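Peer 1: If you scroll down you'll find the structure; I have some questions about it.
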Amino acid sequence: MKMLLLLHCLGVFLSCSGHIQDEHPQYHSPPDVVIPVRITGTTRGMTPPGWLSYILPFGGQKHIIHIKVKKLLFSKHLPVFTYTDQGAILEDQPFVQNNCYYHGYVEGDPESLVSLSTCFGGFQGILQINDFAYEIKPLAFSTTFEHLVYKMDSEEKQFSTMRSGFMQNEITCRMEFEEIDNSTQKQSSYVGWWIHFRIVEIVVVIDNYLYIRYERNDSKLLEDLYVIVNIVDSILDVIGVKVLLFGLEIWTNKNLIVVDDVRKSVHLYCKWKSENITPRMQHDTSHLFTTLGLRGLSGIGAFRGMCTPHRSCAIVTFMNKTLGTFSIAVAHHLGHNLGMNHDEDTCRCSQPRCIMHEGNPPITKFSNCSYGDFWEYTVERTKCLLETVHTKDIFNVKRCGNGVVEEGEECDCGPLKHCAKDPCCLSNCTLTDGSTCAFGLCCKDCKFLPSGKVCRKEVNECDLPEWCNGTSHKCPDDFYVEDGIPCKERGYCYEKSCHDRNEQCRRIFGAGANTASETCYKELNTLGDRVGHCGIKNATYIKCNISDVQCGRIQCENVTEIPNMSDHTTVHWARFNDIMCWSTDYHLGMKGPDIGEVKDGTECGIDHICIHRHCVHITILNSNCSPAFCNKRGICNNKHHCHCNYLWDPPNCLIKGYGGSVDSGPPPKRKKKKKFCYLCILLLIVLFILLCCLYRLCKKSKPIKKQQDVQTPSAKEEEKIQRRPHELPPQSQPWVMPSQSQPPVTPSQSHPQVMPSQSQPPVTPSQSQPRVMPSQSQPPVMPSQSHPQLTPSQSQPPVTPSQRQPQLMPSQSQPPVTPS
């Protein structure tokens, strides 16, 4: 076995001659002609948002595929480098349509794979269904959306002359000799099953032979390259690797290295790319695509070369391959870059052979050995892959037009088509006439924002605001409250956040959850496993000391429901003496942040907080800045400077002013004046409402003052009249106010009661007048009518017993009545 391995290590360095192959890809089985049918739902329910579903009838049955648009497949401004006839480098940034590349699965097959592109008039890509791979592409000139589906033959005879090679050095071979006896253990090890999410930024170089094969058609070449990258990304996605096309170079005139010998070609290409590609743009690996034959090899890649500038490379041949088989070959050699060996007989996957088999079959699945190799290499040696595209510099060479403002530039609007729409910046990286800025939080409509304009608001009680200074487009740096300042009930500000155990439990398990008792922390965080620990070192969980148990994993209680968790998150439940403890685990393969770790700055006792999984005294955060230093009129920021309250000025909050700090920019000075104006406006509105109410009251009371009120009988007297009407005096006469002037009347006359200002005409004895309302006409009444009792203050002349006088309301006028 060792002898075979030695021959293998030496064999990859043998020279391999190559020549131009002008052969077209060959399919080994007739295609099925299918018409994809779009559906809106399946037998298992409606299609979820963002997913599309199609029926593809081929292979004797109907397949339902579900696909979704991919994100982060190409660099935002993909650079494409070409050469002039004189050898000068040209750069272009072509438009790349990024909403037509899909990934998905086949309904009913959980291990299926679908990778399709719809950018060029139909489906183009591969499908892995029930251990068989298929390639699909549109039927040329079809008017009915017809497609051709080819089965990618995986028989051994097809690939008997097409092997894979990888470049190793003596150290790598020696390591394999040492590990060869552990192959049995290796086959059952799935330590690589959980892996961190990684981004491989790849630069592709097209050699002149492949460029000629595409008849120098740049557009067609780019179309196929985008499809290849989409397929490779889908294949590597199952191990948590994202492939990002970061750049492209085409050798338009001639090959810049000699590609005719395996050993020399790979070394020459790795050296060339480290001297030419690396200075132009940062990347993780670079592959050279060619049509030259490599003595029966599908390509050759540097083993464990990722993140090493002079070794992160590979050469892959396009000779006699379809897009599907070539994409699988690229993924195979990327696997070598990521530390994967060729599969041995003891390696297994769900198919007879796996993608890292030496024969490079059209299979998309990785074996247990590949997972182990990948994990062993990448866990400590490929930290460059953990950085996202947003944390890396795309271009290392400073130049105008790259969209990055560099030294000597006033602005940079990027490509010409973007500059044409920019009102503030010109294509030569200078400002337009009349503009003072082109970007920044303190720039609006090509002008600086005025002094005191807030450019970054505080987001919580541990944050501080910043204001523009009126002379720059930049907003001051983001400052926040000094670490260790108390917040909420028992918390402390730490790095712009106020962490609280109860809130952390509620974020994980929902409303009602609270931090658990001390028992849960002691019992679980001292285990030193995925459920409870105080950190990870060298892939080993660290047990918490008793003094640090509050700073390990968060432990919760009062959990009534288990919410949906992210991938690979497991909820753990335990009981200790009728105490329920709830928590989440963490393993080395989780892609996102650990929601279950106790955050730094969380309280772990009186005057103690958690820092780096240890419970320390709060005095460790002390500085020369304190509330007393700010004269208790402000608070310290993370630069240990006073951020003064309103009405006081920095640096020490001793002088009257408008607040802020020496770091935050000048706060607005019109705040008090505005408040006074608002108060005046409010008072005026209230005064206006009061005047309106007073006016309406006066208007209603005016007619009442013009009328003379008649004093009505008291309630007691009214009740007396109603209860004993037969006891009225023989002569019932109205009472008159003392100031009344009453003319004499005859015994037969009947007089109504009148107010002092009234004049009463004489009436005949038979005249009888009823009680009427003002302005009413008085009909005659019988003499037997009774009269209301009058107040004692009135004086009344004598009348006859037959006289009955009705009471009249004020302002009534009594006309004379003739005797009946």
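Just so it is clear, glycine is given a Cβ too, placed from its N, Cα and C backbone atoms.
OK, Swiss-Prot features for this one:
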DISULFID  CYS307-CYS384  disulfide bond
DISULFID  CYS347-CYS369  disulfide bond
DISULFID  CYS349-CYS354  disulfide bond
DISULFID  CYS455-CYS475  disulfide bond
DISULFID  CYS625-CYS636  disulfide bond
DISULFID  CYS630-CYS642  disulfide bond
DISULFID  CYS644-CYS653  disulfide bond
REPEAT    748-756  repeat '2'
REPEAT    757-765  repeat '3'
TOPO_DOM  696-820  topological domain 'Cytoplasmic'
Peer 1: Which of the three DSSP states, helix, strand or coil, fits CYS384 (disulfide bond)?
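Peer 2: Note: CYS384 (disulfide bond) is helical by DSSP.
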Peer 1: Under 8 Å Cβ-Cβ from CYS644 (disulfide bond), six or more apart in the same chain: what's there?
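Peer 2: The answer is CYS630, ARG633, GLY634, PRO650, CYS653, GLY657, GLY659, GLY660, SER661.
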Peer 1: Near the Cβ of CYS307 (disulfide bond), how many other Cβ atoms are there if near means within 10 Å?
Peer 2: 17
Peer 1: Would you mind ranking the disulfide-bonded residues CYS349, CYS369, CYS625, CYS630, CYS636 by how many other Cβ atoms sit within 10 Å of each Cβ and giving me the lowest?
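Peer 2: So among CYS349, CYS369, CYS625, CYS630, CYS636, the disulfide-bonded residues given, the one with the fewest Cβ atoms within 10 Å is CYS625.
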Peer 1: Measuring Cα to Cα, how far is CYS384 (disulfide bond) from CYS369 (disulfide bond) in Å?
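Peer 2: Distance (Cα to Cα, whole Å): 23 Å.
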Peer 1: Going by a 10 angstroms cut-off between Cβ atoms, which of the disulfide-bonded residues CYS347, CYS384, CYS653 has the sparsest surroundings?
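Peer 2: Per-residue Cβ counts within 10 Å for the disulfide-bonded residues CYS347, CYS384, CYS653 bottom out at CYS384.
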Peer 1: For a quick check of understanding: among the disulfide-bonded residues CYS354, CYS475, CYS642, which residue's Cβ has the most other Cβ atoms within 10 Å?
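Peer 2: Answer by Cβ density within 10 Å: CYS642.
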Peer 1: Given the disulfide-bonded residues CYS347, CYS349, CYS369, CYS455, CYS475, which one's Cα is the least distant from that of CYS307 (disulfide bond)?
Peer 2: CYS369
Peer 1: Need one number: mean pLDDT over the topological domain 'Cytoplasmic' (696-820).
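Peer 2: Across the topological domain 'Cytoplasmic' (696-820), the average pLDDT comes out at 47.
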Peer 1: Compare the C-alpha of CYS354 (disulfide bond) with the C-alpha of each of the disulfide-bonded residues CYS475, CYS636, CYS642, and give the closest one.
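Peer 2: For CYS354 (disulfide bond), the spatially nearest of the disulfide-bonded residues is CYS475.
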Peer 1: Would you kindly give the Cα-Cα distance separating CYS642 (disulfide bond) and CYS455 (disulfide bond), rounded to the nearest Å?
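Peer 2: Between the alpha carbons of CYS455 (disulfide bond) and CYS642 (disulfide bond) there are 20 Å.
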Peer 1: Could you check which of the disulfide-bonded residues (CYS349, CYS475, CYS625, CYS636, CYS642) sits closest to CYS369 (disulfide bond), going Cα to Cα?
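Peer 2: Considering only the listed disulfide-bonded residues, the nearest one is CYS349.
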Peer 1: Taking CYS642 (disulfide bond) as the reference, which of CYS347, CYS349, CYS475 (the disulfide-bonded residues) have a CA within 10 A of its CA?
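Peer 2: None, since no candidate lies within 10 Å.
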Peer 1: 10 Å Cβ neighbour count around CYS455 (disulfide bond)?
Peer 2: 19
Peer 1: Compared by Cα position, which of the disulfide-bonded residues CYS347, CYS349, CYS625, CYS636 is the closest one to CYS475 (disulfide bond)?
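Peer 2: Nearest by Cα distance to CYS475 (disulfide bond): CYS636.
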Peer 1: Cα-Cα, whole number of Å: CYS625 (disulfide bond) versus CYS347 (disulfide bond)?
Peer 2: 63
